[in-house]
Amino acid sequence: MALDFLAGCAGGVAGVIVGHPFDTVKVRLQVQNTEKPQYRGTLHCFQSIIKQESVLGLYKGLGSPLMGLTFINALVFGVQGNTLRALGQDSPLNQFLAGAAAGAIQCVICCPMELAKTRLQLQAAGPARAYKGSLDCLVQIYRHEGLRGINRGMVSTLLRETPSFGVYFLTYDVLTRAMGCEPGDRLLVPKLLLAGGTSGITSWLSTYPMDVVKSRLQADGLQGTPRYRGIVDCMRQSYQAEGWQVFTRGLASTLLRAFPVNAATFATVTVVLTYIRGEEDQVDSEAAPGASTTPAGPALAQPSSL
C-alpha cells in the first residue's frame, strides 16, 4: 500500500507540472468580468499571460497544489483501495462508491489548497501583490477570515469531487477491463495512458458546472463586497447574467489539460511501480535460498494497483 502511495504522489507531481498552466487559464476565464472581458478565449488568455507576466505567470499558485499533493494522493489511493476491499467485490458500482469516498475525504486538503491557488492565479503581477506565495496566502486568509475563510467553497468542492472521483475510477476500471490490460502486455503503458486520460476527461465533464461555481465562490470578495450568498445564489446570478454558457466557461482549457495531465500521471506511476517492484523482486530472489542466479526482469504494474 505504501508503494502505491509513493507512486501516486510521484505521478501527481508530474501531472501538476504538466497541467498547471491550463488550470491558470481556466480559472482566469471562469472569473473574468463578462461586461469587459480581458481574454477572448483560451489561446488569447495563454498569449496574454505569457506576454504580460512571462511563462512563470502560467505557474502562479503552483506551490499550493504541490504542497498538498503528497497528502491528497495518500488519501485518494488509500481510501479508494481500503473502501473497495471493505465493500468486498470489485464491481463497477463499488469502484464508483470507493472513488466517491476518496474524493469526499480528500476535500479536507483540496479545498484550502485550491483556495490559495485560485487567489494566487488571479493576483496581478507587480510589487502590489497581496500574497507572497501559497503559505502566505493561507496565513493571511486565516488571520482575516478565520477557519471559515480557509474552508471557503468546501460544500461546492465536495459536490464536485465526490461524484467526479466516482466517475473517474469507474471509467478507468471499465476501460482497463475492456482493453484487456494485463501484465506483460507490450501495449500496457499506452493502454493505461489512454484509460487514465479518457477517465480524466469524463470525470471533468460530469461535474464541470460545479467547478465554475466553486471558483467563483472562492474568488468572491477579492475586489470588494462579496456578490454571492451561497451556491444556489451564485448559480442563479451567474445564469441570469450570462446564460447557461457560463457553466462551460474555461471548459476548453480544462479538457486540453485533462488528457496530458492524466497521461503524465499514469506514465510516472507505471514507471515508478515497475522500477521499484523490479528492484524488490531482484533483492528477494537473491536473498532466497536456492534462488536462481538469473535476475528477474521488472514486472509492469497491475492496473488495479494504480
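Every residue gets a Cβ built from N, Cα and C, even glycine.
Keep in mind that what you see is a predicted model, and the values were worked out from it rather than measured.
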Per Swiss-Prot, which of 61-81, 124-144 is transmembrane segment? 61-81
Between 211-234, 283-306, which stretch does Swiss-Prot give the note region 'Disordered'? 283-306
Helix, strand, coil residue numbers for the repeat 'Solcar 3' (190-275) per DSSP? 72 helix, 0 strand, 14 coil
Outside the transmembrane segment (153-172), six or more residues from its ends: residues with CB under 8 Å to it: 76, 80, 92, 95-100, 102-104, 106-107, 110-111, 114-115, 195-196, 198-200, 202-204, 206-207, 210-211, 213-214, 217-218, 231
For the repeat 'Solcar 1' (2-86), what does DSSP give as the number of helix, strand and coil residues? 71 helix, 0 strand, 14 coil
